[in-house]
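Below is one structure, written out as structure tokens; comments come after it.
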Amino acid sequence: MNIEDEGPKYGEPRKYDPNFRGPIQNRGCTDIICCIFFILAIVGYVAVGIVAWSQGDPRKVIYPTDSMGQFCGQVGTPLEKKPFLFYFNILKCASPVVLVEFQCPTTQLCVEECPTRSMTLVQAKAPGGDWSYYKKFCKDVSDTETVPNILAKRLCPAMLIASKPFTRRCFPALGLKGDEVTVGNKTTFNDGQSDRKASDLLPAVKNATIVMETRLVVMKIFEDFAHSWYWIVTGLVIATVLSLIFIVLLRFLAGIMVWVMIVLVILVIGYGIFHCSMEYVNLKNAPGSNVTLKELGFQMDLTVYLHIRQTWLAFIIILAIVEVVIILLLIFLRNRIRIAIALIKEASKAIGHVMSSLFYPLFTFALLAVVIAYWAITAVFLSTSNEPIYKIFNMGNKECIYANQTCNPENYSRSDMKLDCPESQCLFAFYGGESHYHKYLIFLQFYNVFLFFWCANFVIALGQMTLAGAFASYYWAFNKPRDMPTCPVFASLGRALRYHTGTLAFGALILAIVQIIRVLLEYLDHKLKGAQNKFAKFLLCCLKCCFWCLEKFIKFINRNAYIMVAIYGKNFCTSARDAFFLLMRNVIRVAVLDKVTDFLLFLGKLLIVGIVGIISFFFFSGRTKGLDVVPNLHYYWVPIMTIALGSYLIAHGFFSVYGMCVDTLFLCFCEDLERNDGSAERPYLMPDSLLKILNKNNNKAKVAD
């Protein structure tokens with residue numbers, strides 16, 4: 001491809017400028033309007049947070065709520081020593097209303113403990129009955145009240161069933177005796193009127209627990225975090241040390257380390273295939289191991305899947321495909337890898353002169369942590385800022401025309417609705433509200449998510465522009481490091497914040513809009529999962545794919561635009577156009593150099609995650625003999641996945657410095673080829689290693705003369 005032929009189509013190549021010495025110091029503010037909008041949006045975001053914190057109450061997601069909307073077990077309240085929620089008639093939970101209202105249509109009471117014995121109210125009130133025990137599960141009731149009066153006033157349940165706590169709620173202690181369902185070791189129970197089979201309780205328990213099951217898993221995961229957090233921190237420290245060692249070695253032994261990294265990645269994936277194959281063979285004769293994943297379905301306990309042969313077969317296939325793809329890429333890219341290694345060597349030299357750049361990701365992580373924490377806390381307070389809503393539940397067999405209507409528990413007993421439906425009760429249903437604030441709560445949640453994306457993208461963009469300015473000052477320095485600024489990272493950060501806050505906000509805004517559209521498409525996809533319209537599903541799938549590609553393209557354009565802004569100080573649109581045209585004028589070099597380098601750096605991340613992941617797996621799964629310090633966990637995959645994800649983020653943080661350095665040097669390298677010709681008056685500023693690979697030198701013009 002001839003650069004001259006592409007000139008008019010993709011802009012004119014850069015002209016030689018004897019006064020150009022890297023990032024321009026004399027620059028002005030860019031994209032001021034977007035900067036103003038961003039500041040106003042941040043002020044609005046703070047206002048949303050203040051409103052949410054004043055209205056929200058996180059206790060609603062921590063404590064179970066009784067029929068009067070009170071929190072069971074809340075410290076500092078009369079119910080502090082009553083942490084469990086007891087259902088007067090658990091059979092009512094078999095009603096479909098549970099899945100709609102997330103509330104059983106029966107009286108619910110906070111109690112000190114769940115009942116351990118089964119008995120009826122009649123038995124408890126009879127001579128010799130244990131009335132003092134039964135009273136623990138009643139409202140305020142006098143010892144002189146008769147059974148009919150107690151039931152008519154709904155002061156006590158008609159029966160007690162032996163129960164066990166589950167997510168702080170009392171559910172029947174069901175078991176199996178042979179093929180029969182038991183409750184409290186008995187196959188029948190008395191509901192206050194007649195004996196019934198224990199199996200009659202299954203629909204009620206199933207409906208009630210379906211809402212709590214996910215919450216239980218989350219609680220178990222939090223418990224696992226509480227028991228293993230120090231080992232997780234240790235794993236992340238190991239990942240940090242490995243990343244630092246790798247970066248330091250890459251600084252001095254770039255060529256050797258790249259090839260060592262390639263070999264180690266192949267060996268680590270190869271070991272993964274070997275280990276999965278051994279697990280697959282060992283499960284050959286294990287009972288139940290030949291069940292298919294389709295037959296097993298979705299299970300909350302992910303460790304169940306590790307006892308299925310098909311799971312390990314899937315791991316083998318995935319790892320084998322990854323191994324083959326990496327080997328084929330290395331075979332076809334073997335010549336281009338030499339050029340990429342030269343670029344990595346130059347990046348290592350640049351980082352060696354700008355060592356503070358290695359620690360800049362910590363600043364980015366800190367800012368992102370603040371953004372994520374603010375978003376999460378605001379989301380929790382917004383979701384818990386509703387008011388308790390009470391609805392009429394019909395407790396009898398006679399139809400009630402007011403069922404499911406809202407009510408006020410304070411005066412319901414004297415209302416006309418109670419007179420028309422004497423067997424109904426006004427009970428707590430859920431949290432909601434009818435005020436203007438509650439009507440627009442969904443928009444506040446949307447604003448919270450959108451500002452989260454905008455702020456997170458702004459922080460990432462700030463890091464990219466800061467590093468780009470620092471590395472560009474290295475490349476364009478004629479005498480390195482004498483012509484470089486004293487503190488290139490701080491100087492670049494100051495320029496970015498002082499002059500280009502609006503530009504950073506503009507690029508982050510474009511990306512945030514695309515990301516929020518992707519979130520809405522995922523929401524629609526979730527809502528349409530049960531739909532039978534295949535065309536709608538196909539259209540939605542196409543839209544998701546298109547916006548995924550668009551997001552990747554915008555990230556690519558933004559990244560290179562920030563590099564041009566850091567160098568020339570122009571606005572976002574001009575810089576994005578200049579960067580795009582420069583890359584298109586050097587499109588072959590983009591494929592040869594930049595993307596191959598990205599692939600090699602990705603292998604480095606993969607290597608660190610693989611090493612730390614394997615160590616974590618053997619430790620938490622208890623396969624390391626002689627270690628008695630392994631914590632007892634519900635799900636040992638929780639710390640393993642946390643460490644693997646954290647290791648990738650840590651490795652990405654360190655390698656992102658290399659990635660940004662390579663991208664910056666690559667754009668500077670392309671401009672160097674356009675600005676200079678290797679003559680004594682216009683020498684190339686690229687290193688001799690790249691000059692040699694590209695068959696260029698700085699004496700060519702002089703020799704010709």
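Sequential numbering from 1, following the chain as shown.
Note that Cβ sites are derived from N, Cα and C of the backbone, with glycine treated the same way.
Residues or ranges marked as transmembrane segment in TrEMBL: 32-53 (among others).
According to TrEMBL, the transmembrane segment annotation covers 229-249 (among others).
Cβ atoms under 8 Å from those of the transmembrane segment (256-274) belong to residues 246, 249-250, 315-316, 319-320, 322-323, 326-327, 330, 337, 341, 344, 600, 603-604, 606-607, 610-611, 614 of the same chain, restricted to positions at least 6 beyond its ends. Residues or ranges marked as transmembrane segment by TrEMBL: 256-274 (among others).
Annotation comment: TrEMBL describes 312-333 (among others) as transmembrane segment.
Residues annotated as transmembrane segment in TrEMBL: 354-377 (among others).
For 451-478 (among others), the entry in TrEMBL reads transmembrane segment.
Per TrEMBL, the feature transmembrane segment maps to 499-520 (among others).
Per TrEMBL, transmembrane segment is recorded for 535-554 (among others).
Annotated transmembrane segment per TrEMBL: 599-621 (among others), in sequence order. Taking Cβ pairs closer than 8 Å, the transmembrane segment (599-621) reaches residues 228, 231, 235, 238-239, 242-243, 246, 250, 258, 261-262, 264-265, 268-269, 271-272, 326, 329, 333, 337, 340-341, 344, 627, 630-631, 633, 636-637, 639-640, 643-644, 647-648, 650-652, 655, 658-659, 662 in its own chain, all 6 or more past its ends.
Sequence-distant contacts of the transmembrane segment (633-651) (same chain, six or more residues past either end, CB-CB distance under 8 Å): 220-221, 223-225, 227-228, 231-232, 235-236, 239-240, 243, 301-303, 604-605, 608-609, 612-613, 616-617, 620-622. What TrEMBL records for 633-651 (among others) is transmembrane segment.
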For the transmembrane segment (32-53), distant same-chain residues with Cβ under 8 A (at least six beyond the ends):
374, 377-378, 381-382, 385, 437, 444, 447-448, 451, 454-455, 458, 501-503, 505-506, 509
Taking a Cβ cut-off under 8 Å, which residues six or more beyond the ends of the transmembrane segment (535-554) line up next to it in the same chain?
510-511, 514-515, 517-518, 521-522, 524-525, 528
For the transmembrane segment (451-478), could you work out the same-chain residues 6 or more beyond its ends whose Cβ comes under 8 Å from its Cβ atoms?
20-23, 38, 41-42, 44-45, 48, 350, 353-354, 357, 360-361, 363-364, 367-368, 371-372, 375, 484-485, 488-489, 491-493, 495-497, 500, 504-505, 507-509, 511-512, 515-516, 558-559, 562-563, 565-567, 656-657, 660-661, 663-665, 668-669, 672, 685
